[in-house]
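So TrEMBL has the following annotated:
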DOMAIN    1-226  domain 'tRNA methyltransferase TRMD/TRM10-type'
BINDING   GLY114, LEU133, GLY134, ASP135, TYR136, VAL137, LEU138  S-adenosyl-L-methionine binding site
Amino acid sequence: MKIDIITLFPEMFDSPLSHSMMKRAIEKDLLEVNMVNFRRFGSGKHQHVDDTPYGGGAGMLLKPEPIFQSIEEINQRSPMTNKRIILMDPAGKPFDQSMAEEFSQEEHLVFICGHYEGYDERIRSLVTDEVSLGDYVLTGGELASMVMMDAAVRLIPGVLGNEVSAETDSHSSGLLEHPHYTRPAEYKGMAVPEVLMNGNHKLIEEWRHMESLKRTFERRPDMLEKRKLTDQEKAWIKQWQEKD
Ligand code: SAM
């Protein structure tokens, strides 16, 4: 996968790209990341990339030309790739795991990181997606794009050591992940559930499924509204409801 990041702060990406999964993806040639500092396309001696809004009001807006020129440069450098051009925007569609899965299957992602008060509206004509990291406002799009990139890159086949672990992650199956335990079997009076130590894989799978559902039922009931529950799942939920 290729990723281009259009940003005023390319150095912010140095650390995330040189550690853990992103580093591994780059070393395995599964990922190529390129920075486009759009300051290069700014105007005048001070390479301005922002200007005041027509109609007045507080704050500065990103001018269209530097972003259009950044996309042109990426198109010239990679003319043949299918590109998903993603605008970082708190007013965009909320990012989630299914979006991370979609992004992980793309050939070429381009993230546009905003700054200041926002974008000249014409910049939106360039993009395929407008995406928000969540219902809060960050100073710029850099941190948001790092999170999205990380969530997508770890799903590229071959990046994670054990691919099964991505499939059972919270949100991948529509449920939160079940609890985990490692040695010691007892710690400060807290014991590992017996079922995990008896080697019966069918029972372990059933316990994990039930605990996963229970955690989702308790913490994120909204997630269950989208799920087609099995008869077994309905029976477990009925038990927990009757207990309350
Ligand atoms: N005035 C804008 C608004 O109310 O929508 C917020 C601008 S914010 C200070 C500057 C830039 O940070 C945005 O253009 C966007 O690129 C990025 N940003 C801020 N919050 C974000 C979020 N929740 N998700 C994605 N990007 C965000």
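Here the Cβ of each residue, glycine as well, is placed from N, Cα and C on the backbone.
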Which one of these binding-site residues has the most other Cβ atoms within 10 Å of its own Cβ: GLY114, GLY134?
GLY114
Counting across all protein chains shown, how many other Cβ atoms sit within 10 Å of the Cβ of VAL137 (S-adenosyl-L-methionine binding site)?
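Looking across every protein chain shown, the total is 8.
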Can you tell me the three-state DSSP label for ASP135 (S-adenosyl-L-methionine binding site)?
coil
Just name the winner among LEU133, LEU138 (the binding-site residues) by count of other CB atoms within 10 A of its CB.
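Ranked by Cβ atoms within 10 Å, first place goes to LEU133.
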So for ASP135 (S-adenosyl-L-methionine binding site), how many other CB atoms are inside 10 Å of its CB?
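Taking all protein chains shown, ASP135 (S-adenosyl-L-methionine binding site) has 7 Cβ neighbours within 10 Å.
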Hey, what's the Cβ neighbour count for TYR136 (S-adenosyl-L-methionine binding site) at 10 Å?
7
